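Copied from TrEMBL, the annotated features are:
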type: TRANSMEM; residues: 21-44; note: transmembrane segment
type: TRANSMEM; residues: 56-74; note: transmembrane segment
type: TRANSMEM; residues: 94-122; note: transmembrane segment
type: TRANSMEM; residues: 128-152; note: transmembrane segment
type: TRANSMEM; residues: 164-190; note: transmembrane segment
type: TRANSMEM; residues: 226-248; note: transmembrane segment
type: TRANSMEM; residues: 323-343; note: transmembrane segment
type: TRANSMEM; residues: 367-388; note: transmembrane segment
type: TRANSMEM; residues: 439-465; note: transmembrane segment
type: TRANSMEM; residues: 471-493; note: transmembrane segment
type: TRANSMEM; residues: 538-560; note: transmembrane segment
type: TRANSMEM; residues: 580-603; note: transmembrane segment
Amino acid sequence: MVGVLIRMKLTIMRRGMTDSRASWMLVGAFAGLCPASCTIWLATREAGHPGALVDLLALVLAMWTFGWMLGPVWSGEPVLGPESFALVPLRRRVLALGLLGAALVGIPTGVALIAFGALVVFAARLGVAPVMVAVPVVVLQVLFVVVLSQLTGRALRAVSGSRLGAAVAGLCTAAMLVASQSGWIVFVALDEVLVSGLSPRVSWVIRALPSGWGLAAIDAAGRADWGVVAVDLAGLCVLIVVLFTLWSRSLGPRRRARSGAVRGSRPAMRPGFRGDEATAAVVSREWRAWWRDPLRVQTLVAAPAFAIMSCALPLAFDSTALLPFAGALTAVMGAVTSANPYGQDGTALWLTLLVPGAARRDVRGRALAWMALFGPSSIVLMLGGGVLNDRAGVWPWAVAATLGALAGGVGLMLLVGVEQLVPGPDPRRRKSSPLDHGNVTGQAFVVLIGIGAVTCPGFGVMWVGERVGSASTVGVGAVLCVLVACLSALYCGRRARRTLIARGPELLHLMRTGSNSDTSRAGATSPVGERVGQRHPMVWMCAVLGLIACVPQALVPTIMKINGTIAPVWFLALHLPNNWQWLVIGFMYGLGIMLLGLSGILYRGRLRSF
């Protein structure tokens, strides 16, 4: 049975392979091999404190295990699911063995095997006996994370259809985003931990986690403490069996609980809005949809969670420089994750198209509802972060960034949602995972870059005011930033309304069929389409690298130097002499703009091919 399911998985992957998907698989493999190689490199380091290297390896292995637990949040439905075998007369344990064997075949498992191979490298420093123990430990650790991933994925998919499950998925998504962009903290504190080690309490906790049992067995083998080795290995085996049993029992037919009806007359779910009745009805509809739709609930939770986690990370280095910008980051993430508003509603667009004059009220109502949801939370986070920062000079920057992101984001979200609509399933036909919908990565980057573009003029004037020491110039720049963002919101809203009226039937056809026209399908197989598909991963790679160069390596050091709060951490310019810092910051700005421009050119060529 295991061999049959492995061949079935490989066949499905082979027949569903495209140039774009193959490129993404290669990019994902490279992205996984980099931290795996760093884990092996860490196992070769020398430690000045007894047990410091063991503690650090246990911490890194715990991060790998945590990543495998949250992996299903991003990956969505697996290639082979138990629902595909509902009519096959198989026992759950046999089906679980086959699915486990199929799950072990893939690039993620290979990356995990390389990462946990650091245990063998560490054992080689202790002698032959620890190496003999490390080999089965690596196999058990990989088996443990794969089974744990299958179990957590099953649990997340079971609850993701509810609002509570969507909120949990939003928190997990925010945590994964923060971890992926801030994993450098481990390497920043590497030398200090190797010299002084972790505190005894933290050391005991990370070694007591199941991810550290194999490492503890290898360390005990180096001391010839075979009783501890036996206990750790036996505990790991028992834990794998328990997790496998729980997972196999969950493979039965999924039973969905009846969702309690939410009464439509509850005044607590209505925003305080007064205006024409048609727009007020749209605002009320959107307000309720944001609190009921699991996909929107995930966005509603992920945006502030990501902002709080990201801005609180510098506290580890006694820096509060980013706290006042938590509100701005909330607004940016709220707009980025809402970049496909009409695609989320599916074919319900026909209700708007049938009513004359409803397009204008629909666009305006969606904008007001979005502002009613993300505006107060962004402002509260900005005020709280500004109070904790306790630096008067940061207030103009925080206010301008927050209000500019709110105004610019709401307009760009609606315009991109209409101009570059991504078809998705109707809400009643969505799969169990909220992430199994249309790929809106491109639209998210367009909104992100657009927000930066509309706020840059005001920030430029503020920067000049800071350099010349003119408070009035800084104030003018802040007002200019908000004014340009508001004008952008008005223009984008009007443009979105006109596009919705002019292209409404075409957009409805796109959401019903998944293609603009019959010719688009033929064009997808043309040489131009194939070349663009091959460039597709390059678009996002250039965009990500450009954003890293512009924001963490250029904008954040600029803010730190202006505020006088310097925390070098992973910012390249701040590690150089003062004479070179502004030069490197300027180079990072230029590099980031160049990469973002290249990404835009490639993305524009991709759109033209369709």
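Placed from the backbone N, Cα and C atoms, the Cβ positions cover glycine too.
In TrEMBL, annotation is done automatically, which means it is predicted and not curated.
Here the transmembrane segment (538-560) sits apart from the transmembrane segment (367-388); fewer than 3 CB pairs are under 8 Å, leaving out pairs fewer than 6 apart in sequence. Ranking 226-248, 323-343, 471-493 by CB pairs under 8 A with the transmembrane segment (128-152) puts 226-248 at the top. Taking Cβ pairs closer than 8 Å, the transmembrane segment (226-248) reaches residues 92-93, 95-96, 100, 133, 136-137, 140-141, 143-144, 147-148, 150-151, 154, 210, 213-214, 216-217, 220 in its own chain, all 6 or more past its ends.
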